[in-house]
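Engineer: Following this message is one structure expressed as structure tokens.
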Amino acid sequence: MDAITLTRPDDWHLHLRDDAVLDATVAYSAAQMGRAIIMPNLKPPVTTTEQAVAYRERILAALPEGADFDPLMTLYLTDTTPSEEIERARQSGVVKAVKLYPAGATTNSASGVTDLAGCDATIAALAESGMPLLVHGEVTDADVDIFDREAVFLERVLAPLLKRHPSLKVVCEHITTAQTADFVLGAGDNVAATVTPQHLLLNRNDMLVGGIRPHYYCLPILKRERHRQALVNAVTSGSTKFFLGTDSAPHAQGDKESACGCAGVFSAPAAVELYATVFEQAGALDKLEAFTSHNGADFYGLARNTGKVTLERRDWQLPESYAYAGGHRIVPMKAGETLNWKLVR
Ligand SMILES: NC(=O)N[C@@H](CC(=O)O)C(=O)O
Ligand SMILES: [Zn+2]
Ligand SMILES: [Zn+2]
């Protein structure tokens, strides 16, 4: 097969940031994706519908001429998000989901939730609204090892949450373990997951053997090979519960290549190509389109895109980095490496 035509994909988990980084990165996603769920972990976070509407306007203003890209907005849940905010969000037509960051779990999560049980009224309103809760599923307890934080979250937080709110729609974001893949497969139709290119292509050896590679450092952290294989099995299984969510998360090169480097992998420039590589390696290119372009829209209750994109079998090299304002640079996933598929419109 030398070309694959796909329904235009969507990215169900994307960080665009703001200001110069937004200006520098939004075009890469707009070139590949019809829509994207935009993460609200700005400084300060997007906690109200009003802020989400304003952020969406900034994204639209940063798009290149002629781009056809619909940013779907999210609210950042805090300990004090009132349940009325959920109804405002739904009525806006612009906010499509609410995001749970356990406080301290990841980049810009300091204002996140400290005790989910305290949010029960707001979560009940969310379940009622039909909008999904998007979950960064890691506990933050100091005594839980970083490699176990996702698995422990399932037991301590997610399973009890779904017991209290059995109809709540939940997307387990950027899943990294066999345990979470199994949990999602075994749960009701209201529970789904996004999977990133890095967690499908890389294991923790790729990050740590022969030198530390800060551009592979993200949260949840890369796991051992058996978990990577479980994720590949899940996305190629034909289950409709798994869909594309890059978690593309740009940080300035200097903030990654640092004594205390930031978490996040910038995969937007080659997102669909990276996923195509995964599915081809697994002998499952026939399952790619449902993952990139059908399952997410169906789960969110949105129409699938009508446009098409084509992947051509063609070697091309990713740049070492991309320049943006003020002499800063952003290093993409697989910088300088050759990919075998290229997305053309
Ligand atoms: N995934 C990451 O490692 N980083 C994300 C935050 C997140 O999605 O957890 C970021 O905003 O940089
Ligand atoms: Zn996260
Ligand atoms: Zn993310």
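For all residues, glycine too, the Cβ spot is worked out from N, Cα and C.
TrEMBL does not curate its annotations; it predicts them automatically.
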Engineer: Given TrEMBL annotates HIS13, HIS15, LYS99 as Zn(2+) 1-binding, which of ASP206, ASP247, ASP255, ASP286 belongs to that site as well?
Structural biologist: ASP247
Engineer: The substrate site in TrEMBL includes HIS15, LEU16, ARG17, ASN41, HIS136, LEU219, HIS251. Which of ALA30, ALA124, ALA230, ALA263 is also listed there?
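Structural biologist: Looking through ALA30, ALA124, ALA230, ALA263, the residue TrEMBL assigns to the substrate site is ALA263.
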Engineer: Name the residue, out of HIS174, HIS199, that TrEMBL lists for the same Zn(2+) 2 site as LYS99, HIS136, please.
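Structural biologist: TrEMBL lists LYS99, HIS136 binding Zn(2+) 2, and from HIS174, HIS199 it also lists HIS174.
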Engineer: Using the recorded Zn(2+) 2 site (LYS99, HIS136, HIS174) as reference, state which further residues of the same chain have their Cβ within 8 Å of the centre of those residues' Cβ atoms, listed in sequence order.
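Structural biologist: Near the Zn(2+) 2 site, beyond LYS99, HIS136, HIS174, sit HIS13, MET39, LEU100, TYR101, THR106, LEU134, VAL135, GLY137, GLU173, ASP247.
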Engineer: Apart from HIS13, HIS15, LYS99, ASP247, which residues in this chain have a Cβ no more than 8 Å from the mean position of the Cβ atoms of those residues at the Zn(2+) 1 site?
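Structural biologist: Not counting the recorded site residues, we get LEU14, ILE37, MET39, ASN41, LEU134, GLU173, HIS174, GLY245, ALA249.
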Engineer: Filter the binding-site residues HIS13, HIS15, HIS174 down to the ones within 10 angstroms of LEU219 (substrate binding site), Cα to Cα, kept in sequence order.
Structural biologist: HIS174
Engineer: Among LEU16, LYS99, HIS136, ALA263, which binding-site residues lie by ligand 2, judged by Cβ under 6 Å to any atom?
Structural biologist: HIS136
Engineer: So, in DSSP terms, is LEU219 (substrate binding site) helix, strand, or coil?
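Structural biologist: For LEU219 (substrate binding site) - judged by DSSP and reduced to three states - the answer is coil.
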Engineer: Just how many other Cβ atoms lie inside 10 Å of the Cβ on HIS15 (Zn(2+) 1 binding site)?
Structural biologist: 25
Engineer: Relative to the Cα of ASP247 (active site), which of the binding-site residues HIS15, LYS99, HIS136, ALA263 has the closest Cα?
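Structural biologist: Going through HIS15, LYS99, HIS136, ALA263 one by one, the Cα closest to that of ASP247 (active site) is HIS15.
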